[in-house]
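Student: Copying in the features that Swiss-Prot gives for the protein in this structure:
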BINDING   Gly48, Ala49, Thr50, Gly51, Thr52, Gly53, Lys54, Thr55  ATP binding site
DOMAIN    35-423  domain 'Helicase ATP-binding'
DOMAIN    440-602  domain 'Helicase C-terminal'
DOMAIN    632-667  domain 'UVR'
MOTIF     101-124  motif 'Beta-hairpin'
Amino acid sequence: MLWEKVMFIANNKYKLVTKYKPSGDQNQAIEKLNKAIIENKKHQVLLGATGTGKTFTIANIIAKHNKQALVIAHNKTLAMQLYYELKEMFPENRVEYFVSNFDFFQPEAYIPSKDLYIDKDSRQNMELDMMRLSACNALLTRNDTIVVASVAALFALQNPLEYSSAFIELKVGQKIKRNELLTWLVRSGYTRNDIENQLGSFSAKGDVVKIVPGWVNNIMFRISLFDDEIESIHTLNTITNSILDNITTVTIHPAQSYITPQDKLKTICNNIRNELVQRLAELQSENKLLEAQRLEQRTKYDLESLEEFGFCSGIENYSSHLDFRSKGQRPYVLLDYFNNDFITIVDESHITLPQIRGMYNTDRSRKLTLVEYGFRLPSALDNRPLNFDEFNSLIKQVIYTSATPGDYELDLVNHQVVQQIIRPTGLLDPQIEIRKTTNQIDDIINEIHLRKLQNERVFITTLTIRMSEDLTAFLQEKNIKVAYLHSELKTLERSEILNDLRKGVYDVVVGVNLLREGLDLPEVSLVCILDADKQGFLRNYRSLIQTIGRVARNVNGKAIMYADTVSQAMDEAIKETNRRRKIQEEFNKKHNIVPKTISKAISESILSEQTKKTLAKAKKIKDKKQKLQTIQQTIDNLRQEMLQAAKELDFERAAILRDTIIELENEKNTN
C-alpha cells in the first residue's frame, strides 16, 4: 500500500485498469445491471455460470457508478481471491480486505451438563488487524473504496462517529504540546516502543515523535516539535529509516478498532455497575448464589481493569455500554462505516445468505448459557452479529451472484435474473449422461482408462465417507493411481493432492463433497456422480449443478450420473445444463469461436524444499521444546512464502499457506 493512500482524499473516481474488454454476454449483463441501478432497484441477481467472468462484470459496475462497494464472500479463501482480483483491476483506488482478525479463535462457552467452562482462547493476526483498520479508515475518508469481506462484516464494531472523532490531524506550524500528543496516542491504542518499529506503536526521544500507524505496512511518520509547535512532518520507511517524503499535514487514525472514550469512561463504568446490581438481585431472588458470586467477582475485576487502563479482557462483552446502546439495540458494524449510497455484492449467494441467517441464533444460544450461569451480564447478548432482518435494513442496492441462486433471492426478483453463461474461452457446459448402477464400478474403471489415454483426470463423488474409502481401496487394488479427498485432511495435504492430480501423480480423486473451492482443475474432464438419484444436500439441484461445473474448464468436460431412477433434482439440473449448453453452442457458431481448455500453470509444489525439510524434521522430533522451536521456524518460513505469493498475486497459494500457518499455530498451542 502506498503511503499517499493514508492521506485524506474526499472524492476520487474509480479507474478500472485491465487489458480485457467485456466479451461473450458480459456486455448485456453489464447493461442490464447498470440500468437497474439507475432505476434504483434494490435487488438484482446475476446468474453467472462457472468461468464466465462474474468478477470482471462486477468490476465494470463498480467503476461505472462510483459508489463505495461491499463484496461479501462466505469464507476467507474466496474473499482473498476476490480481493486480489479487484486490487489488480483498481490499482489507483482503495481495495480493502475485512475478515476475522484471528488466526485461531475459541469462543467463551459453558457446558452445564459437564459443568465445564471454556475460556476464550484466541491468537490475533496483526496483519489482518491492520487490514481491518485500513478498511475502516478508507470508508470514512475515501469515496472510491471497495471492501471485500467475509461475514465478519456483520459483527460488532465501534460506533463510526466515536471512532472517527478519535482522528487527529497534524499540520506543520500547529501548536501542540508533546505530552498532549503522547497522551492522545496512548488513548488511541498506540503502545510506546522506543526499540522496535511495530504496527500501532510510537517512540519519543526529545522533541521527535515517531508514529508507526496500525493500518499500513512499512511506513511511519516522524513529527519534529520545537517549542510546542510542529516544525516538520516526514514519512519514513520503518525498515531502513530512510525519508520517503516531507509533508505538511497528516491524519493519524487510532491503532485499534475499539477505543474507549476517556471522557465517558466514568459513566460507562457506572452503567455497568448498575446493571450488575440489578442482575445480582435477580440471581439471589432465584437462590442462584454461586452464579451471583461468580458474576460479581468477574465483573468487578473487569471494572478495575477498565478504570485503570481503559481496557479489559473480553471488552467486547460490554460493547452496548461503550456505545451507549439501549437493550436489544443492534450493534454498529462495518456496514455503518459506509456512506449513504453504497452497493453490496453477495458472492455465491446460495451459500453466503444462509450463513448470514444462521449466525445470530448460533451466537445467542451460546451467550444465553453464559448469562444464565453467571459468567456474563445480560448486556453481553447485545455483543452479537446482525440478524438477517437488520442486515437487509442496512444494505441499499444489492447484486446477488451465483451459478445457482437460492430461492430467496430468486423470489426477490420474481425470477427475473440477469444471465451470464457465455465463457470468454468458448467452453460449453459439460455433457451429461445417466447410466444404470449395475456394474457401475467396472464402467467407471473403463472411463478412467479412456481419460488416461487422453492425459485427462477424473473426479468421483460418493455419498458417504465409508463408500469413498472402500472405492479408493478397490481402485488401488486395480493399480489405479487414486487419492481420497476427505475433510480430515489438512489444508496443505489437500492442496498437494490436487496439485499431484494435475501433474498426473494421480489419475483419480475420490471424495464426498467436491463443492469446495480450489477444485476447478482444467485437467479434470470427467466427474462421476454415484447415487445421483438420492435425496439430500449433496444431490439436490444446486449441488448437482455445482458438481457438474467441476469439469467446465475442460473442452471434453462430461458428467456421468449413476442412478436407476431420475430424481426431480437430476431432471432440473440436466435441463438447466442443456439449456445453457444450447445457448453457448449457438453463440460459438455465430461468432466462429472454437472452445479450448483453460491453460493454467502447475506449480512444482506449494512449499519450498527448505520448508518441506523443516516440516519433516519437526514430525520426527520428540523433545517438546525443540519441536516447538522447529514448528515456529516453519511458521516463519511459511509467512515469508505467503507474503511473496501475495506480492505475485498468486492468491490461491497465498491462501493455502495462510491456512497451513493457522494449522501449525494450533498444533504449537496444543503441544
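Cβ coordinates come from backbone N, Cα and C, glycine included.
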Student: Taking 8 Å from the centroid of the Cβ atoms of Gly48, Ala49, Thr50, Gly51, Thr52, Gly53, Lys54, Thr55 as the cut-off, which other residues in that chain fall inside it around the ATP site?
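Tutor: Not counting the recorded site residues, we get Ala403, Gln420, Arg423.
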Student: On the three-state reduction of DSSP, what should I expect for Gly53 (ATP binding site)?
Tutor: coil
Student: Count the Cβ atoms, other than its own, that fall within 10 Å of the Cβ of Thr52 (ATP binding site), considering every protein chain shown.
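Tutor: For Thr52 (ATP binding site), the 10 Å Cβ neighbour count is 28.
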Student: Can you tell which of Gly48, Gly51, Gly53 has the least company, meaning the fewest other C-beta atoms within 10 angstroms of its C-beta, among these binding-site residues?
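Tutor: Selected from the binding-site residues Gly48, Gly51, Gly53 on minimum Cβ neighbours within 10 Å: Gly51.
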Student: Let's check the environment of Ala49 (ATP binding site): how many other CB atoms sit within 10 Å of its CB?
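Tutor: Summing over all protein chains shown, Ala49 (ATP binding site) has 25 other Cβ atoms within 10 Å.
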Student: For the motif 'Beta-hairpin' (101-124), give the DSSP counts of helix residues, strand residues and coil residues.
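Tutor: The breakdown for the motif 'Beta-hairpin' (101-124) reads 3 helix, 15 strand, 6 coil.
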Student: Around the C-beta of Thr50 (ATP binding site), how many further C-beta atoms are within 10 angstroms, looking at every protein chain?
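Tutor: Looking across every protein chain shown, the total is 19.
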Student: On average, what pLDDT score does this prediction assign to the domain 'Helicase ATP-binding' (35-423)?
Tutor: 91
